[in-house]
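One structure is given here, and the rest of the page talks about it.
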Amino acid sequence: MSRRNSDDQRCAMRDTCGKKTIFGQDLPCPYDGPPVEPDDESRQLLIEACGEEFASGPTCCTSDQVNALNQNFKTVDSLISSCPACRNNFRSFFCQFTCSPDQGSFLNITSTQTSTTDEIAVKSLDFFVGQNFAEGFFDSCKNVQMGALNGYAMELIGGGAKDYRAFLEFLGEEKAQLGSPFQIDFPFVTPPEDFTLLDPPPRNCSDNDLASKCSCVDCPSVCPVLAPVDDSPTCNVGVITCFSFILILAYSLAVLGFLIGLLIQTTIRRRRERRYERVALSTDTGSLSSPRTHTRGLVGAGSLAQYMDEDSLQSTMQNDARDLGRGASLLDPVETVQPRQYKLNNILRRFFYKLGLVTASSPWLTFACVFTVVGLLNIGWKKFEVETDPVRLWVPPTSESRLQKEYFDQHFGPFYRPQQVFITSASVEEEGSSVASDVGPVVSWDHLKYWSKVQTEIRELESTPNRYTLDDVCFKPGLLDDACVVQSVIAWFGGNLNDYEEDTWADHFSNCASSPGEISCLPDFQQPLPPHYLLGGVPKDDEGEPQYLDAEAMVVTYVVSDSLDPEIKARALEWEETLKNYLVELSERAPKEAGLYISFSTGVSLEEEINKSTNMDVKIVVLSYLAMFLYVSLTLGNGSYGSDEESLGSALLNWARNFPRLFSRSNNPSSSLSVDSRSTPRWFPRLPTSLFTGSKFTLGLFGISLVILSVSSSVGFFSACRVKVTLIIAEVIPFLVLAVGVDNVFILVHELDRQNLLHGPNAAAPASLPPGGGYTSNGNNSNYNTMSPTNSHRRSPFDSSGTDDIDVASMPLYLSAEERVARTLAKMGPSILLSTITETTAFALGALVPMPAVRNFALYAAGSVFLNAVLQVTVFVSAMLVDLKRQEANRVDCFPCIRLPTRIALMDAPASMSGVGKIARFIRKHYAPLLLKPAVKVAVLLVFSGIFIASVIMMQYIELGLDQRLALPSESYLVDYFNKMDEYLNVGPPVYFVMRDADVQHRPDQRALCGRFTTCEEFSVANVLEAERQRAEYSYISEPSASWIDDFFMWLNPAQDGCCRVRKRDPDVFCGARDSPRLCRPCYEDKTPAWNTTMRGFPEEEEFVKYLKQWLSSPPSEDCPVAGKASFGTALAFNEEESQVVASHFRTFHSPLKSQADLISSFAAAHRIADEISEKTGLDVFPYSLHYVFFDQYAHIVAITQEVLGLGLGSVLLVTAVLLGSWRTGTIVTAVVGLTVVTVMGVMAIWGINLNAISLVNLVISLGIAVEFCAHVARAFMSAGSGLPVDHPAGQKERDERMWTALVDVGPSVLSGITFTKLIGMCVLALTRSRLLEIYYFRMWLTLIISGALHGLVLLPVVLSIAGGPGFPMQEADEEWMTNAIRNDYEYAPFLADDDSVTSD
């Protein structure tokens, strides 16, 4: 605005005319006259205050007005002087308002009043300001920061205004203390005639003029351009990712190609068959040498699917292989004279045979020796410890975040202990619900009065027994010695409502919510409380303005000091316990007393609630174990081989059928006739003796007790090694060992049943013997040769229409009980060894993971599985021998002292030998033949390929994290607290950027830190943090950073004469806040060079430390808000001599973090920012926030998962390949195990299971259980070989027959031992009320059990039957040879392998 001619200039007001009240400010006098030329002293004062613009010409102000104006400027300068544009616009605005000679052209006095001196004074006026200047003024000040408060100067000078209208409205609002003493209105309309707008060009913070240019901290437009964050958009095709689209396309093309290939192959085969038929019609078929008339006697050739039609094949070979011995159809009489051998197999079988013979021959000695060792291992329980500290549980000792936390705690003290309360209206609370529905406004006069009373009670709470109060434990920033930090809406009212009434509180509340920096709204600790700290669920009107009076929640936070000093910490814990008890009681009565619902958390709450015994649904877990125990004990003896006695069902049916004959006259048959006693009518049913003697309840219970004993021994051993137990170990290890150990029990018991059938006292000869086979002329059956080619004319095992008779591989030969047990272990020992070594190695590799919870679990799991296997092949074998002798002595299970009489068997009874259990019968008759059909194989491969593709696609959507609410008891009060926090808390956690070993005493590192001065580095810490704040969607930083070095240097500014002061007579002595201004002067008043924004002359070395210590000990005040005691008292750490700063931090705040993804992303973003700052400045910078130490795992958990599973699969491959003697089979087993884990991970995404330490443990478990499903099947498959090479014409059929044998052999045991046992346990676990158990145990274990069963018993047999490696003959013929070879120390010549057959593939 240009100056008018002096004749046109006039004033609207001048001089002062008293005050409105005694304690008010001076009011101007109305004055409608020309401006007056000031005297020289007033002119000089005016130039100092308003600049050279007023160096000449008349003004409309007096010297008293200029003095008052200058004092007000000094107060404001402490807030905005860091930004010259804002400072100069502010001064220009009020200088023009007060002193401009053209004042009358833009000021219009609208009303007057009588002052205390009975003079007429201005009451209100209109100030016509141009929009350009108003917007420029606001824009230059809106981003000026107050680092000490992590806020903006606008909160104090403009009441937190969001636009220029609100800014000017705040400046013009009449206030009794700081602010205008009369009302100033800003009508943004065309001014009346004779008035013009005050519209000079405003200063812009980005101008190059030194009188305007501001730093990045205060002017975002001048901030350095940061490198873009790598956030490239995900490639999508429609709603799916490109990767998923490629997988789906590749799978579809592969399926299509396969079907086309199959169609072509079928067409070619049919043409070839028609050509054979035409040749057959024109040629003598008797001399035709075609695949259909192959006469070599290879039994396996009977089902060469690739050369013959299946239907004709079955009819041709059905009679030829009617009564095949077990595995006999696999042997070609020509090619199996020298079958393939694998020396390791022979060594293992010798070892396990000897071990079985020793343990069976001396069972009680075995019990004594093994249990002595177990007892010694359990001595370690004396050092048993449970780890409950979350940091030591989930964070490795070498974790970067843990080390950083320890560094922060040691140098700056532990983070505060917040006690937080959410207050909502309980009037609309749903009955029995922990979450409010349609929550109404909580702010009312009655509610505020009630809560004011509660706060008074909390302040007076005394702990037991030491009677500590809030004043003893709270955090005090240092402004007033007795001012605790309590963030509450009551603080806006001065801590109580005594000065307010029901009709006045609402206006003050709204005013403080809009302008929290007003003097009347400041709490006793003198730091503004923005509304988003105190209110939640604030609605907005149609114009977007917040309606604070309609807030749904009030948030109250008590800040308690924490310390590394145990005494101080114990004091805090004691008071927090008292507060918790009070709030628990308050939450019960507040709904009735005041209609308020209280949700809270104290410093002791989280650890107490997590460690509660109710955290685990103990009853459900125990019931789950009992269900599995009962199932194993009851089913272990089911389907025992060799029992000719009728079943319980048959006995009851016969009794019911014969019972009516008791009342018939002809119920006595002739005594001369032989009568079946089972048809004799009786008053009570004749129960089979096998119901009492054949049961294996005791043996099953003993096997389960070995599981418990192995876990106990593992705990004892590792406790002795100082490896602490965790809750995961207590919850998971018994489940795991039961899963991987019970099937070994089933396999051993079922194999012993088969040995009893073949070589026990009730062994019977087959109904018919083939010519040339069976007994020799002298009746000696010991020379019976199962390898005889003549034995090949029996029923094919693929003939599902045959009888249920057991396929006998050798003639029955009675053997002693010890011999049968030894043979059992010799047969199944290598299979148990395979699964045990694989699982133990896989689990042990998990110990490489640095996360203590996972590492300790891996060690305990490996130890438990290994010890369980050792116990099973020793004491359990002895127990089998004891139980076998009990059974053969006809003694009752569980009550062996009771012996039942032996029933006489009919000599002419058919030797059915149909002791196959229902599961085994189903697998033998239906499942195995169906699975091995070519069409079913194709379908299985296609389905599982599709499952694999779907799982890989879903794995992309697995989220990281563990919602802490899941770890809490379902009835915990913290569950509701966390729900309220997610809903209502609008401020994120503080984050500190710590500088280690920065040389802040010298200028280079000072410039690397600062942000408000012209010579600060472009990418200094302060500048980068401010630039990152402007892209909060990537940085998760929402508040200005508190830069201690900027506030420190601003404190030295001599223009702020209320800050750094020294004695005039002795400049080495600092002045205190109460020292008279006459005795003191600003520290840098006479410095050369003078204080300036280039940092020249700023203190260094010893002088820097001297001023810094004084700044840190100076409390902020109205005259000097940048003093450092309150906000930066703990932001710097000195060395022991206090001569050097060794560490410091900049404080800021994260944006509200509502989810696990937000928490993890904030951790990653802060570390990215710190790394970039370190790279650009050369400083050692790291971020710290309270939650980082717990979320550090998620920075590495994907890599850890890959490492653990990768090493596990590698160990599976190595061990299975070596022990199976086939890299081909080992690779297949490993691939199927990997597919099982991938499927589990795919279901995790579908079922809402996040990846965290618990689910990682479960993935390791799924690896072990998958091995258990696969190992026994693969071992049985490799042990049924005939030595045919893979590319042999009969190779496919040979593999099919081996897989049929394997499924019939171990399938029932695996299915009963793992699948049904764990499914029963999981079904019981489904009853749990614990969300943690439901999600991470029920859902995930159910998934891995089903996935393991499907992959191990469906996919693996199909793949092995197609591409499995050549097997080794390990059937009864070998057992006969094994017995003689071991006893006589020689090898049976026909089975010696040649050099070429040793290698497997």
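Yeah, the Cβs are placed from backbone N, Cα and C, and that goes for glycine too.
Under the heading compositional bias 'Low complexity', TrEMBL lists 777-786.
Positions annotated as domain 'SSD' by TrEMBL: 617-882.
Annotated region 'Disordered' per TrEMBL: 768-804, in sequence order.
What TrEMBL records for 243-264 (among others) is transmembrane segment.
Summarising the annotation, TrEMBL assigns transmembrane segment to 620-641 (among others).
Per TrEMBL, the feature transmembrane segment maps to 697-718 (among others). Outside the transmembrane segment (697-718) by six or more residues, the chain places 374, 377-381, 384, 629, 632-637, 725, 729, 733-734, 737-738, 741-742, 745, 749, 856, 859-860, 863-865, 867-868, 871-872, 875-876, 879-880, 883, 893-894 with a CB less than 8 A from a CB of the stretch.
Summarising the annotation, TrEMBL assigns transmembrane segment to 725-749 (among others).
Taken from TrEMBL, the feature transmembrane segment covers 832-850 (among others).
Residues 352, 355-356, 359-360, 362-364, 366-367, 370-371, 374, 377, 699, 702-703, 706-707, 709-711, 713-715, 717-718, 723, 725-726, 728-729, 732-733, 736-737, 740-741, 744-745, 748-749, 752, 817-818, 821, 824-825, 829, 832-833, 835-836, 839-841, 843-847, 849, 1257, 1260-1261, 1264 of the same chain, all 6+ positions outside the transmembrane segment (857-882), place their C-beta atoms under 8 angstroms from a C-beta of that stretch. The transmembrane segment annotation in TrEMBL covers 857-882 (among others).
If you look up TrEMBL, you'll see 938-958 (among others) marked as transmembrane segment.
The transmembrane segment annotation in TrEMBL covers 1204-1222 (among others). Within the chain carrying the transmembrane segment (1204-1222), a Cβ under 8 angstroms from the stretch's Cβ atoms is held by residues 342, 344-345, 348, 830, 833-834, 837-838, 841-843, 845-846, 848-849, 854, 1229-1230, 1233-1234, 1237, 1256, 1259-1260, 1263, 1267, 1271, 1274-1275, 1278, 1364-1366, 1368, 1400-1401, all 6 or more beyond its ends.
Among residues of the same chain six or more beyond the transmembrane segment (1228-1249), those with a C-beta under 8 A of the stretch's C-beta atoms are 944, 947-948, 950-959, 1205, 1209, 1212-1213, 1216, 1220, 1255, 1258-1259, 1262-1263, 1266-1267, 1269-1271, 1274, 1335-1336, 1339-1340, 1343-1344, 1347-1348, 1351-1352, 1355-1356, 1359-1360, 1363-1364. Annotation source TrEMBL lists transmembrane segment at 1228-1249 (among others).
The transmembrane segment annotation in TrEMBL covers 1256-1278 (among others). Sequence-distant contacts of the transmembrane segment (1256-1278) (same chain, six or more residues past either end, CB-CB distance under 8 Å): 728, 732, 736, 739-740, 743, 747, 830-831, 834-835, 838-839, 842-843, 846, 853-854, 857-858, 861, 865, 1197, 1200-1201, 1204-1205, 1208-1209, 1212, 1216, 1219-1222, 1225, 1228-1229, 1232-1233, 1236-1237, 1240-1241, 1298-1299, 1301-1303, 1305-1307, 1309-1310, 1314, 1336-1337, 1340-1341, 1344-1345, 1347-1349, 1351-1353, 1356-1357, 1360, 1364-1365, 1367-1368.
The transmembrane segment feature in TrEMBL is assigned to 1309-1328 (among others). Beyond the transmembrane segment (1309-1328), the same-chain residues lying 6 or more positions past its ends with a Cβ under 8 Å from any Cβ of the stretch are 617, 620-621, 623-625, 627-628, 631-632, 635, 735, 738-740, 742-747, 750, 919, 923, 1265, 1268-1269, 1272-1273, 1334, 1337-1338, 1341-1342, 1345, 1348-1349, 1352-1353.
The feature transmembrane segment is assigned by TrEMBL to 1340-1363 (among others).
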Intrachain neighbours beyond the transmembrane segment (832-850), with Cβ under 8 angstroms and 6 or more residues off its ends: 348, 352, 396, 398-399, 740, 744, 747-748, 857-859, 861-862, 865-866, 869, 872-873, 1200, 1203-1204, 1207-1208, 1211-1212, 1215-1216, 1219-1220, 1260, 1263-1264, 1267-1268, 1271-1272, 1274-1275
Long-range environment of the transmembrane segment (243-264) - Cβ separation under 8 angstroms, sequence gap at least 6: 235, 237, 938, 942, 945-946, 949, 952-953, 956
Sequence-remote partners of the transmembrane segment (1340-1363) [C-beta within less than 8 Å, at least six residues beyond its ends]: 735, 739, 928, 931-932, 936-937, 940-941, 944, 1224-1225, 1228-1229, 1231-1233, 1235-1236, 1239-1240, 1243-1244, 1247, 1249, 1255, 1258, 1261-1262, 1265-1266, 1268-1270, 1273-1274, 1277, 1286, 1292, 1295-1296, 1298-1299, 1302-1303, 1307, 1310-1311, 1314-1315, 1318-1319, 1322, 1325
